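Student: What TrEMBL records for this protein is below:
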- 1-43: region 'Disordered' (REGION)
- 7-43: compositional bias 'Low complexity' (COMPBIAS)
- 82-103: transmembrane segment (TRANSMEM)
- 110-131: transmembrane segment (TRANSMEM)
- 143-164: transmembrane segment (TRANSMEM)
- 204-227: transmembrane segment (TRANSMEM)
- 239-259: transmembrane segment (TRANSMEM)
- 271-289: transmembrane segment (TRANSMEM)
- 310-334: transmembrane segment (TRANSMEM)
- 410-428: transmembrane segment (TRANSMEM)
- 465-486: transmembrane segment (TRANSMEM)
- 492-512: transmembrane segment (TRANSMEM)
- 521-570: domain 'Cationic amino acid transporter C-terminal' (DOMAIN)
- 524-542: transmembrane segment (TRANSMEM)
- 548-566: transmembrane segment (TRANSMEM)
């Protein structure tokens, strides 16, 4: 599987050096020490700013070339694989739980909540689809887009916010998966009465530690599969995702015969506002389609397949969620839905206990794919930063036979295993999704700014660019302000003011900037649609727990510190010797 022709899928076509001339002049040392210290500080700040504002040069995907130093990844993922990666990342056990818990507060109108949240995700997916189509097929996703459209420091900040979400999320999912596995094992008499520390977590030292042995074991197994190669991990993800989809379809089909349409009336018992609030909650159930963009370097036909994979996986998720919502609210009056396992309890109340068993199996399959794809995406992001020098070169190494970033993958597995095995990371769930919304907002902004660069090339005036960025910041601030006003139930007039100001900023973007259509997939209605994405994402950002906002600020400060003392000295988007590898024609990968 690994070696042989797999390592020859890239052929080196050129090597060039980008030399930069530096002028040196002899200066006399100042007689006063304070002057020397002041000059040194000024020089450090100047170097920091020039490094932070560096951008990665964009290479047209039409060149059919990618920049890879050393061994590269192998293109084995077809369109179906990409779609299943998106579905696998998005739909976990939540489809069997969140649908019911939100329905208890919203009523049958939860179907509209999922539809609205899905529509917002579609808008974000259109932005991701354009960038995935127009960029060279390299790992990095939102980080790479930001590095090209804005600057190095902003890209590093986006990476840090995303990575904290991924690390905590992976540990939390691993603990949930361990709990479900224990529940299934206890169906057999031999496993009855298992100690809590095995899979459910047992607290020690006054709750400081929460030992869970099974969660790290599961993480180690998945990490080993990912290290084996993308073919093996994709096969496991495809099997588990198809199993999960089949179970959801069975649940919807069987439940449809138990639906009593009278349970759908009243449709919105708690008013329209409850439906909107429900949409802000269930939005995060769709998160995961962006994982497809991080599979670019391993996609067989990235410019064609990535946009289809992103949009296709999201539309499948929307259909499945809405189907489950209609069934669960039609089977049981929303007031009588359970809190912990509402869907399973609904089927049990109808005498369909076997469906409850299927739901448990589907939950295990869903959590497995979500965890697998999450670990996969993390390693590819680390690989991208290692190549650019923002992280140690160790993360940039790819195994010559397996064609996987084994060092990055092992590191990701170790971090998740330590968190899952020793701490109750579920209590940190309220600070998650900060990185996701940050990434979505910045990606939407990238679509707009890169269209400016397309139109005016190197003739973009800095003042014009800054005016556009100010308009984008205004839209983001208005979205966050509107979200806060909605959260505290402020007067509707203030919400209208925020929307009007954001609309004016969006019109300014449309009036004072020129836009060009990019090659490949093109996001419609630029800049209006991406601006709307930014507004809605920041509106949702305002609905997060206030500790999530604190986490955003603290992590940003830490990230800037890391960049100041390490990143700026090692990163180089234009390495002095750049190796360009052209993708060889696709051919069957033979055994070594």
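From the backbone N, Cα and C atoms, a Cβ is placed for every residue, glycine too.
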Student: Let me know the model's mean pLDDT on the domain 'Cationic amino acid transporter C-terminal' (521-570).
Tutor: 95
Student: Could you tell me whether the transmembrane segment (310-334) and the transmembrane segment (271-289) are in contact, taking contact to mean 3+ Cβ pairs under 8 Å with a sequence separation of 6 or more?
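Tutor: Between the transmembrane segment (271-289) and the transmembrane segment (310-334), contact is present.
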Student: Is the transmembrane segment (204-227) in contact with the transmembrane segment (410-428), using at least 3 Cβ pairs under 8 Å (sequence separation of 6 or more) as the test?
Tutor: yes
Student: Is the number of Cβ-Cβ pairs under 8 Å between the transmembrane segment (110-131) and the transmembrane segment (310-334) three or more, considering only pairs separated by 6 or more positions?
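Tutor: Answer yes, regions in contact.
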Student: Top stretch among 82-103, 143-164, 204-227, 239-259, 465-486 for CB pairs under 8 A with the transmembrane segment (310-334)?
Tutor: 82-103
Student: Is the count of Cβ pairs under 8 Å between the transmembrane segment (82-103) and the transmembrane segment (239-259), pairs 6 or more apart in sequence, 3 or more?
Tutor: yes
Student: When you scan the chain for residues with a C-beta under 8 Å from the transmembrane segment (465-486), skipping those not six or more beyond its ends, what do you find?
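Tutor: Sequence-distant neighbours of the transmembrane segment (465-486): 276, 441, 445, 448-449, 452, 494-495, 498-499, 501-502, 505-506, 508-509, 512-513, 531, 534-543.
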